[in-house]
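What Swiss-Prot lists as topological domain 'Cytoplasmic' is 1-32, 148-166, 216-232, 293-303, 352-376, 428-455 (among others), and the listing cites a curator's inference. Taken from Swiss-Prot, the feature N-acetylmethionine covers M1. Sequence annotations record features per position, and here Swiss-Prot assigns region 'Disordered' to 1-26. Annotated phosphoserine per Swiss-Prot: S20, in sequence order, evidence recorded as similarity to another entry. Summarising the annotation, Swiss-Prot assigns transmembrane segment to 33-53, 70-90, 100-120, 127-147, 167-187, 195-215, 233-253, 272-292, 304-324, 331-351, 377-397, 407-427. Annotation source Swiss-Prot lists topological domain 'Extracellular' at 54-69, 121-126, 188-194, 254-271, 325-330, 398-406, citing a curator's inference.
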Amino acid sequence: MDTAGPPAPAGTEGDGPGGSTGETSRRLSKEQIFVLVSAASMNLGCMMTYSILGPFFPKEAEKKGASNTTIGMIFGCYALFELLASLVFGKYLVHIGAKFMFIAGMFVSGGVTILFGVLDQLPEGPIFIAMCFLVRIVDAIGFGAAITASSSILAKAFPNNVATVMGSLEVFSGLGLVAGPPLGGLLYQSFGYEVPFIFLGCIVLLMIPLNLCILPSYESDAGKQSFWKLVTLPKIGLIAFVIISLSSCFGFLDPTLSLFVMKKFSLSTGYVGLVFLGLSLSYAISSPLFGLLSDKMPNLRKWFLVFGNLITAGCYMLLGPIPLLHIKSQLWLLVLVLVINGVSAGMSIIPTFPEMLSCAYANGFEDGISTLGLVSGLFGAMWSVGAFMGPILGGFLCEKIGFEWAAAIQGLWTLLSGVAMALFYLWEDSTMRRSKAQNILGTEEEQAALLPNDT
């Protein structure tokens, strides 16, 4: 079996629920249902709190004296500290405990979201900007803990259906991204700056008692593998580049798209939230489909990764569109491109986690929560690298050369990662064919040597 295959052989020996028989994948146990409910509530709540900033925060920050580059850094610092948190929490997941990390992360994220709602009371200038950075950093640490624990728990509970489950739960991430901007824009227009943050922060905090009651605990011994061994695997390194490029594309839009749409099409804050809807909704709808296909037909994962990246690159060329194409910027075209981008993002993002997991198992990593913690932490860390670079680079480039060219440059990331993965898979297939031919030839020679000599 090649390294692109599913991690099912390793998972069937595991002790988590769902790892024993094929029947379990068809009929969920009560424990698996509780895991799904917990992960879904976390995805929905945390992604809503993350995404509400898009429609109105850049404008508020401008009023407080923040430049486009500074706004991009406020968005981007979240990802930088989520990166650090994911690496640390992934390494020490077994020692801390997945359930405690999950609950504590949600508590921190919900609490600081409420604090973000009172920042408008601060004076404009350095004090406001510094507090924005501080609150976002603490929020990132909480979210990093929750998402690392969630991914590990899911992979442990559903070892044979990782992509399907994660793809299905992306519906709730997508719903959070879908509901966050329009809800945030509506609450901002109706009640002002404070209410969106206080409302959504309270929702996240109210989910904690539910998760305390229903989320199961998973215990495991600490593994001996390291992040360094994992990330130095060539295939893991390339998939990490794919994750970074896709995440940076999402992050690029946070500080730039709302300002571009407001200035270009003179839309209100509420309508800007609906523009974000095209990307989030199409991603939420398409992700379960690509997750199911990735588990049922693992050989399709490589094509999803490659073509998803290439389509995403084309979308960013048309987002402005790039002036070289001489296409007039129109609102319907922008929304259409965002919808296609949501589908292509689902196509390329969903297979990355099971691909990393199967590669780790194929290279000698043990089947257990410690390996799941390493892979989850690495996935979260690489996503955070892109989410850190995207807003900062996007804010800087938009300030210097405009949104149209900035979006096109952003698209080059996914073009490069798509081409790199295509070349790797071609090399991998060629190597496997040569190895198989050599094995067949060696077997035939051994059989010939064992046959009696007829002469």
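Backbone N, Cα and C atoms are what each Cβ position is placed from, and that goes for glycine too.
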Check your understanding: Under 8 Å, at least 3 Cβ pairs, sequence separation 6 or more: does that hold for the transmembrane segment (272-292) versus the transmembrane segment (70-90)?
Key -> no
Study note, to complete from the structure: Same-chain residues at least 6 beyond the ends of the transmembrane segment (377-397) with a Cβ under 8 Å from one of its Cβ atoms are 68-73, 75-91, 93, 140, 144, 147-148, 151, 227, 230-231, 236, 240, 243-256, 352-353, 356, 405-406, 409-410
Exercise for review: Between the transmembrane segment (407-427) and the stretches 33-53, 167-187, 304-324, 331-351, work out which stretch tops the count of Cβ pairs under 8 Å.
Suggested key: 304-324
Exercise for review: Determine how many residues of the topological domain 'Extracellular' (398-406) DSSP places in helix, in strand and in coil.
Suggested key: 8 helix, 0 strand, 1 coil
Study note, to complete from the structure: Among 100-120, 127-147, 195-215, 233-253, 331-351, the most Cβ pairs under 8 Å with the transmembrane segment (304-324) come from 331-351
Check your understanding: When you scan the chain for residues with a C-beta under 8 Å from the topological domain 'Extracellular' (54-69), skipping those not six or more beyond its ends, what do you find?
Key -> 120, 122, 124-125, 128-129, 132, 180-182, 184-185, 188, 193, 196, 253-259, 262, 269-270, 272-273, 276, 392, 395-396, 398-399
Point to revise | Contact call for the transmembrane segment (195-215) against the transmembrane segment (167-187), three or more Cβ pairs under 8 Å | key: yes
Study note, to complete from the structure: Across the topological domain 'Extracellular' (325-330), the model's average pLDDT, rounded to a whole number, is 82
